[in-house]
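First up is the structure itself, then whatever we jot down about it.
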Amino acid sequence: MVRSLKNPKKAKRKSKGSKKEDGSSSSNLVPSMPAKVWQPGVDALEEGEELQCDPSAYNSLHAFHIGWPCLSFDVVRDSLGLVRTEFPHTIYCVTGTQANNAPNSIGIFKISNISGKRRELVPTKTSNADTDMESDSSDSDEDEMENEGPKAPVFQVRKVFHEGCVNRIRAMTQKPHICATWGDTGHVQIWDFASHLNALAEAESNISKDASTVSNQTPLVKFTGHKDEGYAIDWSALVPGRLVSGDCKNCIHLWEPSSDSTWNVDSKPFVGHTGSVEDLQWSPTEPYVFASCSVDKTIAIWDTRLGKSPAASFKAHNTDVNVISWNRLASCMLASGSDDGTFSIRDLRLLKEGDSVVAHFEYHKHPITSIEWSPHEASTLAVSSSDNQLTIWDLSLERDEEEEAEFKAKTQEEVHAPTDLPPQLLFVHQGQKDLKELHWHTQIPGMLISTAGDGFNILMPSNIETNLPPANATA
């Protein structure tokens, strides 16, 4: 059964059935004890309490689904602008279904008219009179939005039949209409979705998300050389068409493009892990180097010029290493997430010294399912976990005792911030069940998209400050 996604919820407590008998404002009430900060994923809700969404925590928040749960998806780069900050937004994505008792498909979809709150990234200097005028204008705009209500996002999708469930899907950076899929049938396939993306770009009318039309399309390549199914796959950001795929039998195969529509797949695999290869990441700066992680608790670094064994391998966690992410803005940094809920940051320059871990977090209590560095901020990354939390972290932050003391002095009631809450934790998003994968949108600063068992979320937290790249930034 397909579960529809309810309103996404954030960590805010609400007591059911309680009301003020005297009609007085809550600000006049004197608390009998210090306020307690509720910790998502740690503290249990009491009877009669529920989590309630706080809209002010988001610049934008939307939910949707395409029918069946999707384990994986990818953001498709488009030609609408390298750095987009003005609402409404439009995005393109590809995803694949996990339908056990029904035909599976790849969904190529477009979501337009994504609304949100406008935020000035660079405040302008104005006089008091101008400020008052702008404030009145802003209030008027907000009143108009409240009266009319924001227009709903427009969802359009085209579906292509896929043999078996889609374990992982990735779009090529340089040619985003070329996508690779890992199926539970044990096959890796490469597809050309140019016609579907072009049709979506030209379409203006809404195509129902429940559209039953599924087209049949022959993949460009179907590789049957893996001995088992897999999940690990990654396109090189430096060499168009270069691909690696890893399976549950510890084998990694290298794909080299021979033309626009054909690939040569090395029949002799890279072997170095003793268990399933869970994730793969190409180096953002070295065209022949990639990293892999495995259920054998290790991470391996490979150089395709040095043979079929890893150039370096080290124990990364105490349990399965599920996911890795190579920082494209700080190429010495590699993040990894484990089955025990921990995630670590390593400085690869320190590998020869033995201990390369520069940060380690034990906030999540269930397996890490996805991790990804921000494409716009070198110190920021997002993490999803089986504890139904999506968290955002800024590794440049440290606890400031003076600032905390000043804040406590200004507050009316005493607030005890949890001492074990990491100061690097920027944001906690909840409301999705069985979170599987997340991605930043590389062309819309601050936008995250996530998929779970009950659908997708698009979110833009209001406290994520992004320094825009210079005007002459390239793709």
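Even glycines carry a Cβ here, placed using N, Cα and C.
As written in TrEMBL, here are the features:
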COMPBIAS  1-17  compositional bias 'Basic residues'
REGION    1-34  region 'Disordered'
DOMAIN    49-114  domain 'Histone-binding protein RBBP4-like N-terminal'
REGION    120-151  region 'Disordered'
COMPBIAS  131-147  compositional bias 'Acidic residues'
REPEAT    270-312  repeat 'WD'
REPEAT    361-403  repeat 'WD'
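Across the domain 'Histone-binding protein RBBP4-like N-terminal' (49-114), mean pLDDT in this model comes to 95.
Taking H, G and I as helix, E and B as strand and the rest as coil, DSSP gives the domain 'Histone-binding protein RBBP4-like N-terminal' (49-114) the counts 3 helix, 36 strand, 27 coil. For the repeat 'WD' (361-403), the number of residues in each DSSP class (helix H, G, I; strand E, B; coil) is 3 helix, 18 strand, 22 coil.
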